[in-house]
Structures are given as C-alpha cells and as structure tokens.
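K.L.:
Copied straight from TrEMBL:
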ACT_SITE  Glu322  active site, proton acceptor
ACT_SITE  His323  active site, proton acceptor
BINDING   Tyr124, Gln186, Asn209  NAD(+) binding site
BINDING   Ser233, Gln255, His258, His323, Asp356, Glu410, His415  substrate binding site
BINDING   Gln255, His258, Asp356, His415  Zn(2+) binding site
Amino acid sequence: MNKIYNPAASERLELLKRPTSTVNDIEETVNKVFAEVIQDGDAAIEKYTEIFDGFKPENIRISSMEIDDARNRVSQELKDAIHLAYANIEKFHAAQKTEKVTVETAEGVQCWQEKRPIQKVGLYIPGGTAPLFSTILMLAIPATIAGCKEIVLCTPPNKEGSVHPAILYTAHLCGVTKIFKVGGIQAIAGMTFGTQTIPKVYKIFGPGNQFVTVAKQLATKHNVAIDMPAGPSELLVMADESANAAFVASDLLSQAEHGADSQVILISTSEKFMDEVEKEIESQIKLLPRKEIAEKAIENSKLIFVEDKETALEIINEYGPEHFIVCTTSNNFYVDNVENAGSVFIGNYTPESAGDYASGTNHTLPTNGYAKQYSGVNLDGFMKSMTFQKISEEGIKNIGPAIELMAEAEGLQAHKNAVSLRLKELG
Ligand code: NAD
C-alpha cells in the first residue's frame, strides 16, 4: 500500500484522486448504445447483452417459474438473514416520513407542501462480479414505503443467462414483479427510453460500475432523473491507537473486494498503528476468495499519516468519502465536524458491513467526491415535494398590490393583469 507522511496541502488533490475513468472515456460507448436502443428497442438490448455479458437472451423478462425455482434454492438461514435486514431497513426508512407543512403566510393566504411518490421508478441491481441482492432491499423497500406505483428492476445475467436466486428471492419478497435480466449501459438505456418489453421510468436508482454510473449521468439528458452518481465503492477510515488494527484492516478489505476500481484510505495520527494495519492487511488478504480483486484495489489505496486531528479533518472533508469509519479517542470531534461523507460509522464495533446489509441505513451512497453535494438514497428520493396554495378574497387584497408592483417592475403586464382584474372585481 502507498504510505504517505504529512502530505502538503498542495499535494492533496493529486493524492486523493479516484482511480476511475472519466465520463469522456465511456461516453462514446454509452451514446452508441442509447442511440441503438432508441431505434431498435429490445433488439439492441439483446445485441449488447450478448456483447457485454456473453449471453444471447431469448426472453429478458424473468418468469414466475424462475422466481419459484429461486425461492427453493435459497437456504432457510439466508432467508432468515434477509428478513432481519428487511425489518431494520423498513423501520429506518418508514421513520423518515415527514408531515405535511402548512403555513398561513399572510392573512387569507394558505400555503402547504406535501410529498407524493414518483409513479414509475427503475432499480439497477449490480450483478457483474457479485450478486448484490442486498441492494434490492435498499431500493425496493423505500420505493414501496413511498408508494411508487410501478417498480422496474434490471440486473445483469451471468454467462448462462440466469440471475442469482437470492436476487430473485429478495425481489419477490419486496413485491417487485417486473424484473429484467439486463445489465450495464443497456439496462439504463432500457429504463430511460422504454422498449417493447422494458417500461420507461421517471427516475433510476442504484449503484453500479463505471459503465452504469456514466450511463445514469448521461440518461439525465433524456428526461430521466437519477438518485446520484453511485460508482465504485470507497472507504476512508480515521483511526488511532485506540482502534483495533485487525478490525480496521478487515474494514478496508471489505470495500477493496468490491472491485479493482474501489479505493480505501486509512488516515492515522499514529505511525505505529499504520504499520500494524498494513501487516494485518497483508495477512488477511491472502485468505480472501476475491483476493485478486482486493489486491488491485489495494494498489490504488493509501495509508496517510498526519500529525494532528485538524489536518486529518481537512483531508476527510476534501475527499468526501462514500463511507467514513471513525475509531479514535476523539470520535466526537470528527462526528461533529465532518461535512462531506455518504455514511458515517462510529467506534470499534460498527463495521461498515453493518450498513451494507442489516443495521437499517441505506448502502446506496454517493462516490467519487459527490458526497459534497448529494445525499445517499433515502425515502425522500422516491418522492417529490409539491406545493399548494389557496388564497381567499381577503388574502388577494393583502398581497395583490405587492404582486402588481413587482410584475410591473419586471415588465410582465399579463402577470399584473391577473391580479388587477381580481382586485377590481372585489372593488
Ligand atoms: P454491474 O452490474 O454494475 O456491471 C456489470 C455490467 O457492466 C455488465 O452487465 C456489462 O453489461 C457491463 N460491462 C462490463 N464491461 C463492460 C465494457 N467493457 N463495456 C461496456 N459495458 C460493460 O456490476 P459490477 O461490475 O460487479 O459492479 C458493481 C459496482 O457497484 C462495483 O464497482 C461496486 O463498488 C459498486 N457498488 C457501489 C455502491 C454505492 O452505493 N456506491 C454500492 C454497492 C456496489
């Protein structure tokens, strides 16, 4: 792992660069797939599934027989674990419901704000290198609580053309019925434009690799909203000698095993602790089934020593990690002052894996520094805030003259007239 000691402020930008390709690298491919899906619909989806996933599909929609089969192939232990995670995620997201906000801004002028579900949503469930059935819980549960009417799910098939049974089991548990074995750029294209088989949606949610993330970003040019750019996973751990080196190494590896393009960073105020973590990583990585992926990610990763907590905080806020673990004697300092992070994990017994699966918080989070301006997925993401107003005769008399003056000053006579006519009628 790269070890860096007391990086100067001028070096930080380069130091904290993500190992991801830029939009430009992938944009050309995405535009080509989008254009073909607009023109040829399912035929283009099938063509690119064959090219990128190595499988030529006959039917991209998952049948009820495939769901029944999947239900029998998931062990009872795993089903119980999924149910426990379901219950916690549902509790946390149901609690995010907010009340209608009503205010009488002036006498006779009633304004209120209410939330309504987005009617049609698309969920992308990654499946390239690992079947992320946990992501279904993270997206379908809030979509259902919000009341979204149509939920479409796309996930890539493996080379034999099947989808992992735990994905189908979890989708069924969450009440999702429109499931398509389509992944990558072609899945995002299908949900953005609609095809003969895949319904068009209004908003697309879910993480994915760089192809998926860039496709989602470009889809926003075509009248579709997205949750956020949620690309290759990242973790930043801030730890000192009060932390457990083996725990910290296991946390760093848990994100490194996601993909070769994942990035993990440890910042510490103790050189000794940093060396201990490095040794732990070297011994733990050998035993991982996804060792090769984790090793590549570790090449992109860094151990950074800084003298004091103020400098550490500056670096954390500059980086804006997707996941931020803090295990120090000054946890409150970091928790109170962190400005940019997707999700924060505090103390020795709060592994990031807990948030990935079962504690209740959402694991679909902004990566690549987007934690500076985006929130992770939450209930509000599946809803729109709509405002309403009702003005009485007294109300229009109260605010009408101000509206007339402002409209006149902006040169918008018709706006002024809409008020003047009413005031005139009221005498
Ligand atoms: P994926 O489903 O995102 O991508 C697989 C698809 O990529 C394939 O179906 C294929 O169509 C497409 N693809 C592969 N190579 C291609 C190429 N050369 N050109 C065009 N398309 C190509 O699955 P994955 O690859 O396993 O990636 C999952 C990602 O999700 C990981 O990077 C992981 O870190 C990330 N993740 C992020 C979060 C988050 O909240 N940010 C959460 C979980 C996972």
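Numbers here mean position along the shown chain, with the first residue as 1.
Any Cβ shown, glycine's included, is placed from N, Cα and C.
Surface or core, plus neighbours and distances: that's what I need for these features.
P.N.:
According to DSSP, Glu322 (active site, proton acceptor) is assigned to coil rather than to any helix or strand. The local packing around Glu322 (active site, proton acceptor), expressed as other Cβ atoms within 10 Å of its Cβ over all shown chains, amounts to 30.
The Cβ of His323 (active site, proton acceptor) has 26 neighbouring Cβ atoms from other residues within 10 Å, across all protein chains displayed.
Of all the Cβ atoms in the protein chains shown, 32 others lie within 10 Å of the Cβ of Tyr124 (NAD(+) binding site).
Long-range Cβ contacts of Asp356 (substrate binding site) within its own chain (separation 6+, distance under 8 Å): Ser134, Ser254, His363. According to DSSP, Asp356 (substrate binding site) is assigned to a helical segment.
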K.L.:
Under a threshold of 6 Å between Cβ and any atom of ligand 1, which of the binding-site residues Tyr124, Ser233, Gln255 are retained?
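P.N.:
Ser233, in sequence order.
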K.L.:
Given the binding-site residues Tyr124, Gln186, Asn209, Ser233, which one's Cα is the least distant from that of Glu322 (active site, proton acceptor)?
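P.N.:
Spatially nearest to Glu322 (active site, proton acceptor) by Cα position is Ser233.
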K.L.:
Give the sequence-ordered list of residues that share a chain with His258 (substrate binding site), lie 6 or more positions from it, and have CB atoms under 8 Å from its CB.
P.N.:
Ala130, Pro232, Ser233, Ile293, Ala297
K.L.:
For the binding-site residues Ser233, Gln255, which one has its C-beta crowded by the most other C-beta atoms within 10 angstroms?
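P.N.:
The largest 10 Å Cβ neighbour count belongs to Gln255.
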K.L.:
Starting from the Cβ of Glu410 (substrate binding site), draw a 10 Å sphere and report how many other Cβ atoms land inside it.
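P.N.:
There are 10 of them.
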